[in-house]
Every structure is written in C-alpha cells, then in structure tokens.
C-alpha cells in the first residue's frame, strides 16, 4: 500500500509541472506587443491588410497587375488606386451609379468586374478612356435601361455579361439590342432577359426585334388602354398549342389550322412529326421558333401573311423534309434562313410577292446548290420590268454584260424557264422511283 501511495504522489507532482508556465503564456497572449518573434509578426499581418489606408489587395499574377476590392462595401472608386492596373475586381460592393469618367485614369484596364453591386444607372461616358477593355461584367445588378452610347469608348470589348438585371424592354433599349445582335458580338449580352413589360418578361434580349420595340402598334399591345365597361375581357393566349388538335395516327400531327394564332406556339410537343400552322396571322418567324421540335418532318406555314423570317428561325430542324411557305408576303430570304435544313426535299414558294433584286440571289443560289430540293412558285412580282420572269432568268440577266436597254425583249407569255413543270414532273415520278430495288447476287 505504501508503494502505491508513493507512485500516486509521484504522478501528481509530474502533472503539476506544466501549469507553472501557464501564467506566462496567458500574459503573452493578453499583450501581443511583447512578442518580438516571428509569431508576433504573423499575428499583426491581418491588421495591416484591412487597415483604412489600404482597403484593397494589389498583386501581380502572370506579369499582370490586379486590384482585388471585392466585398468592401465601396460606393465609389478610390483616388489612390494605381493607374497601371490591368484587372479590377469590384464585385459584391454597394456601387449604385457609374458616373462619367469614373474609370478614365485606368487606361490600361483589360477587365472590369462589377457584378453583384446595386448599379441602377450608367452614365453615357462612364467607360470613357477604357480603350483596351475586353471584359466587362455587369450581371446581378439593378440596371433597367442602357444605350449603345455607353460602349462607344470600349472598341475592343468582346465579353459582356448583362443577365439578372431587370431590363425594361422598350424603345430605350433599341440601340443596345441592335448592338448585341451584330454577328461579331456573339459573346455580348448572352442570357440577358426582359424584366418588363409583362408581355416580354423572360424574353431574351437577343431574341427581340429592335424595330418592334419602337413600333406604335406593339406599344399599344404591351400597354393596353383600360377598359371602359366593367365586364373583364377574356384573355386568350396568342400562341397556345392546347388550342390545336393532336393526332397520333398515322403520324404524330399537331393541327393548328385557322386558330387565329399570331405567333408560333411555344409549348409544341417535342415528338410532333407534322405541324400545320396554315391560315393563321403569323407575320414573322422569330429565332429558334422550332428548336424543341427535333422530330419535325413536315411544316405548313402557308396563308399567314409572313413578311419576315429570321435567319435562325428554323434552327434545329435537321430532319425537316417538307416546308410550305406559299401564299404569304415574302419578298426575299435573309442570308442563312435555309442553312439548317439539311434534309429538305420539298419547298412550296407560290403566291409570294418575290422582289427580283440583289436580295433574292441567296434563295436562288441555295436552291441551285441543293439540287435535290424540289420547289415551285419562284416568280418575280416586282419591280414591274421583271414581273412574270422566273427568278433564275432574272439572276442570269443580272450578270449579263450588256446594258439593260440592249437586253433581248422577252414576250410576256414566257413560261418561267419551265422550272415549275420540271418540278411537277419530278414530283410525280418520285414515288415510283422509291420502290425500285436492285438485287445483286455474288457467287
């Protein structure tokens, strides 16, 4: 028992030895100024970083100077920032207005990150002096209106982010939208959507037609006048596929004929093979109207009064075989309208007021190059001097060296170079050729 007691006493003495130094440790922690070693210097470094004299980090990475001033509750640009900065990170601050000449002294700036601030106004010369700026991030702010004029001073701008802003899509945005839709600006303003008016909410800026925003008729539709009578009007959607008839046999068909539609329905079932939109009031085809209907093979758009087809309207219709555009108001096709129709076989073009000038050349040469596409109805309606001519005849005369007054006189009964007759003959014989089979047996 004595031996056990001695051992316990010895253990207690050993355990009490470290506690003797603890008061000194506590004193050194309570007064860090007494510490002159490396540990003391490390402890003071965070204080220097967030000192009022230098609220932001300036560093060099891959030989390019950066200013990192994110999450500092800034409301303006500080005057003591270096002028030779190449990249400026100002995200997640409290900036509300970008004033004229705000960044004028940073002439070497390449990228400017202003996302997740509270920006609601950008003055016309806010980016003055930024001749070398290539990247500008303005997403997640409160911007409603902006014009092309603000970007006059950024000729090298190639990457612009504008999404998650409550864009007010009216005539004030016309110049900005026109700038974003220039083909070379394919990385400017992607994913930005309208926040108002309600009729255009969630519509991408790149899908809008700038001229529509300033059209008086469109304004009346977006901002209707209050009703005089107390009876509420029945609101019917302009484009709702539930108004159409869906047939499964013999093929998946959506019949939207004579439904008073003004736009292509946005909720077309993706497995539809045949779509009939004839005899409606669709005046133009917007970009990517049919991008979700991948299986579509037959599309009827006749008798709508279509005046314009966007070059990206048929994007995604790689399986389309038949397209009926007859009895509309088409005068020509913009370059690129037919580029995605790889397997097109039949194209109806009759009863359109085709205008024979240089703009018709794209359609003619596309058909000439895609000789497997059978078409009809490509006849000049205007100008008067070419009325009744086939478009092919007009294009050939366009490149003749003789002046117009020396061209041979064509009788008015000229039969369109027999293009339509040849098409009908080929179309008539086509089913018979499809059933011919040649079998070769190799011994």
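Don't overthink the numbers, they just go from 1 along the chain as shown.
In case you wondered, yes, glycine gets a Cβ from its N, Cα and C as well.
Small disclaimer: the values here were computed from a predicted structure and weren't measured.
According to Swiss-Prot, the features are:
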| type | residues | note |
| --- | --- | --- |
| DOMAIN | 165-216 | domain 'LRRCT 1' |
| DOMAIN | 229-270 | domain 'LRRNT' |
| DOMAIN | 352-404 | domain 'LRRCT 2' |
| REGION | 20-48 | region 'Disordered' |
| REPEAT | 84-105 | repeat 'LRR 1' |
| REPEAT | 108-129 | repeat 'LRR 2' |
| REPEAT | 132-153 | repeat 'LRR 3' |
| REPEAT | 271-292 | repeat 'LRR 4' |
| REPEAT | 295-316 | repeat 'LRR 5' |
| REPEAT | 319-342 | repeat 'LRR 6' |
| SIGNAL | 1-15 | signal peptide |
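Across the repeat 'LRR 2' (108-129), the DSSP tally of helix, strand and coil residues reads 0 helix, 5 strand, 17 coil.
For the repeat 'LRR 6' (319-342), the DSSP counts in helix, strand and coil order read 0 helix, 3 strand, 21 coil.
For the repeat 'LRR 5' (295-316), the model's pLDDT averages out at 93. In the repeat 'LRR 5' (295-316), the DSSP tally of helix, strand and coil residues is 0 helix, 5 strand, 17 coil. Across the repeat 'LRR 4' (271-292), the DSSP tally of helix, strand and coil residues reads 0 helix, 5 strand, 17 coil. Under DSSP, the residues of the repeat 'LRR 1' (84-105) split into helix, strand and coil as follows: 0 helix, 5 strand, 17 coil.
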